[in-house]
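Here is what Swiss-Prot records for this protein:
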BINDING   Ser342  Na(+) binding site
BINDING   Arg546, His547, Tyr550, Ala567, Lys583, Ser589, Gly590  GTP binding site
DISULFID  Cys119-Cys168  disulfide bond
DISULFID  Cys129-Cys152  disulfide bond
DISULFID  Cys135-Cys162  disulfide bond
DISULFID  Cys216-Cys226  disulfide bond
DISULFID  Cys260-Cys269  disulfide bond
CARBOHYD  Asn74  N-linked glycosylation site
CARBOHYD  Asn187  N-linked glycosylation site
CARBOHYD  Asn202  N-linked glycosylation site
CARBOHYD  Asn213  N-linked glycosylation site
CARBOHYD  Asn241  N-linked glycosylation site
LIPID     Cys4  S-palmitoyl cysteine
LIPID     Cys363  S-palmitoyl cysteine
LIPID     Cys374  S-palmitoyl cysteine
LIPID     Cys377  S-palmitoyl cysteine
REGION    360-377  region 'C-cys anchor'
SITE      Ser342  site 'Selectivity filter 1'
TOPO_DOM  1-22  topological domain 'Cytoplasmic'
TOPO_DOM  47-328  topological domain 'Extracellular'
TOPO_DOM  354-595  topological domain 'Cytoplasmic'
TRANSMEM  23-46  transmembrane segment
TRANSMEM  329-353  transmembrane segment
Amino acid sequence: MPACCSWNDVLQYETNKVTRIQSTNYGTVKWVLHMIVFSYISFALVSDKLYQRKEPVISSVHTKVKGIAEVTENVTEGGVTKLGHSIFDTADYTFPLQGNSFFVMTNYVKSEGQVQTLCPEYPRRGAQCSSDRRCKKGWMDPQSKGIQTGRCVPYDKTRKTCEVSAWCPTEEEKEAPRPALLRSAENFTVLIKNNIHFPGHNYTTRNILPTMNGSCTFHKTWDPQCSIFRLGDIFQEAGENFTEVAVQGGIMGIEIYWDCNLDSWSHHCRPRYSFRRLDDKNTDESFVPGYNFRYAKYYKENNVEKRTLIKAFGIRFDILVFGTGGKFDIIQLVVYIGSTLSYFGLATVCIDLLINTYSSAFCRSGVYPYCKCCEPCTVNEYYYRKKCESIMEPKPTLKYVSFVDEPHIRMVDQQLLGKSLQVVKGQEVPRPQMDFSDLSRLSLSLHDSPLTPGQSEEIQLLHEEVAPKSGDSPSWCQCGNCLPSRLPEQRRALEELCCRRKPGRCITTSKLFHKLVLSRDTLQLLLLYQDPLLVLGEEATNSRLRHRAYRCYATWRFGSQDMADFAILPSCCRWRIRKEFPKTEGQYSGFKYPY
C-alpha cells in the first residue's frame, strides 16, 4: 500500500504567481495608497501607544471635607417664631458613606419634639376620614407614619384623619426651603487622596505630589494637579448652578482619569480631573427629584425619649477612577505590525477593482464609444486578459465549435435534445492567440509543393468560393462534404456539424489542412516526438495517426488545450481523417467525454 504522505510532500513550498503591470497611473495609485496606509499605521502606533502592554488601574480613594457655615432659620419657642442662628461644621453636614463617595448636606427640614404616642395622621391623600369605618385597626400603609388604631380623630378644625401610633406629631410634608439653608457650602473644600497601583508593571503612585502646597485650590488652567477642590468650582466646571442644586440636592461625579506612560524614556503618570452631573437635571419632571434622606437626633426630656427628625437634602459626590498604564512590550509591537500588514493589500483591491470595472462589457459598449476622454481606459481590457484566466467547469454538456467563416469560437453548454449542433447558437468566446513556437521547433516539411498546371499563386480565401452542395450531404451541411452520422439516434445530433456557418468552400480542401492534419510524415513525427522508440503495426498505426490527426485539428482550430479537450470536429473533417486513416471494421465511437 503506498504511503499517504511522504517527506517530499512535506518539504515543499507553494507561492502565488503574480502579474506585473508596467503602468505609470497604477504605479502612482499603488504608492499613494501605500503611503496613506503607512502614515495611518505609524500615526496610530505612536498616538495610541499600541506598542505598549496596557493594564487597568487599581485604585483607593479617601476624602476630607472642610468648611464652616452659618445658618439662619425661623425657630419657634413658646409659640413665638423668631430668627435663630446656628453654626454647622464638618461633623454636622457630612455623613459617612460606603465606597468612593461623600455627602454634603445643603438643606434640611426639621420635625422637632417627636415622642412615641397616639396622634392623628398627616392629612395626605388616602389618610383623611369622616368616621371610624374608614380606619382599620392595625393597618400599616407603606406611605403612613405609623400603625392605625381604628379611630377617626380631628387633625385640625376642618379635617379629620385616622389616628396612628407613631412618633408624634407626625412629619409634615413640607417643601425644601428656598434658598437653601446651607447655600454657603459652595465655599467648602474637599481634599481627595487617590492611590493607584498597576500590579502587572509593579508601579504605585498617588495624586498628591510631595511639592503640593496645602493652601492650593484646583484650577483647570492655573493649578490642574492640586487635589483640593472648592465645591462651587466643581459645579462651575460641570456647567451647573450650585445654588439651585443645593435646594433639592443632587449627585455629582468627579472623574479621575489616569493615562500613564511607564516607559523610561517618556515617563508620565499624572491624573486628569473632570466633572459631570450624574442625576436627572430636570427636577420638576422627576418623580423623586433631587437627593435626600432622613435621620434623627435622640434625646430625653423629663425621662421621656424624644427625637428631632431631620430630612436632609444635599449633594452626593461620586469619585470615579479609571485609566490604564502602558509599558513597552515587544510582543505587542509584533502583534500590531502583523495585524496591520494586511492593510497594504488595499492597493491591490483598488487597482483590481479599477481594472475589472473599466474592462467590463458595459464600458466597452456604453461608455467608450461616446466618451473620448475615457478611451485610454480601454487598455484595462488588455490588463484584464493578462491577469485573469477563465476556466469553464468540465461538464458533460460543455462543447466548443469553430466555424471557418467566423473569427470567434462558440461555446455550447446545454443539452441538444435532438437539435442539430449546427443550428445551436451558443455563446461567442474570443479565439485564443496561436503560439507557433512549437511548430517552429519541429522540422516539418511545410514548404510549398509545386504548383499544378493552371493553379494560381494567389491565396484563395475559403469564404470567397461557394462550393456546390452534394446530393448525399445532409440538410445542415454548408460545404457539401459532410456525411450523415452513424451514431445512435440519441447521440446523432452531436455530429451534425459542418465546418462552415454559411455556404462556402470546405476547410478540408485547404492546403494547410492537408499539411497539418493529413500529412502522414507530420503525424508520425509527432508520435515519435512523444515516444521515440514507438513501433506499431499497421492497424495500431492507423489508430494512433487518426487520433493524432483529430488532436492536430482541434489544437489548430481552437488554440487552447482546454478548448481542444471539448472540441467537436465538423463532420466533413472527421470523415476526411477517417478516410485517410481508416479503421478495418469501419465502426467509429465518436466524441468521448474526456473527464
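Glycine is no exception: its Cβ is also placed from the backbone N, Cα and C atoms.
Annotated features, which come from Swiss-Prot, shown on the structure.
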residue : record                      : contacts (Cβ under 8 Å, 6+ apart)
Asn74   : N-linked glycosylation site : Thr81, Lys82, Leu83, Gly84
Asn187  : N-linked glycosylation site : Gly67, Arg230, Leu231, Gly232
Asn202  : N-linked glycosylation site : none
Cys269  : disulfide bond              : Tyr203, Thr205, Trp258, Cys260, Asn261, Leu262, Gly325
Ser342  : Na(+) binding site          : none
Arg546  : GTP binding site            : Ile577, Arg578, Glu580, Phe581, Lys583
His547  : GTP binding site            : none
Ala567  : GTP binding site            : Lys399, Tyr400, Val401, Ser402, Ala554, Arg557, Phe558
Ser589  : GTP binding site            : none
Gly590  : GTP binding site            : Ser485, Leu487, Arg491, Leu494, Glu495
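Same-chain residues lying 6+ beyond the ends of the transmembrane segment (23-46) with a Cβ under 8 Å from its Cβ atoms: 336, 340, 343-344, 346-347, 350-351, 354, 383. In sequence order, Asp223, Cys226, Ile228 make up the list of same-chain residues 6 or more apart from Cys216 (disulfide bond) whose Cβ falls under 8 Å from its Cβ.
Within 10 Å of the Cβ of Tyr550 (GTP binding site) there are 20 other Cβ atoms, across all protein chains. Spatial neighbours are here defined as Cα atoms within 10 angstroms of one another, and by that definition the neighbours of Cys152 (disulfide bond) among the recorded positions Cys135, Cys162, Asn213, Asn241, Cys377, Tyr550 are Cys135, Cys162.
Mean pLDDT for the topological domain 'Cytoplasmic' (1-22) in the predicted structure: 77.
Counting Cβ atoms from all protein chains shown, Cys168 (disulfide bond) has 20 others lying within 10 Å of its own Cβ.
Within 10 Å (C-alpha to C-alpha) of Cys129 (disulfide bond) lie the following recorded positions from Cys135, Cys162, Asn213: Cys135, Cys162. A C-beta separation below 8 Å, combined with a sequence spacing of at least six in one chain, links Asn241 (N-linked glycosylation site) to Phe235. Among the recorded positions Cys119, Cys168, Asn213, Cys377, Tyr550, the ones whose Cα sits within 10 Å of the Cα of Cys162 (disulfide bond) are Cys119. Once Cβ contacts within 10 Å are tallied over all protein chains shown, the recorded positions Cys119, Cys129, Cys162, Cys377 are led by Cys162. Across the residues the record lists as binding GTP (Arg546, His547, Tyr550, Ala567, Lys583, Ser589, Gly590), the two Cα atoms farthest apart are 22 Å from each other. Take the Cα of Cys377 (S-palmitoyl cysteine) and measure to each of the recorded positions Cys119, Cys135, Asn213: the nearest one is Asn213. For the pair formed by Cys168 (disulfide bond) and Cys135 (disulfide bond), distance between Cα atoms is given as 18 Å, rounded to the nearest Å. In sequence order, Cys129, Gln148, Thr149, Gly150, Arg151, Cys152, Cys162, Glu163 are the residues of the chain that are 6 or more apart from Cys135 (disulfide bond) and have a CB within less than 8 Å of its CB. Counting other CB atoms no more than 10 Å from each candidate's CB, the disulfide-bonded residues Cys152, Cys260 peak at Cys260.
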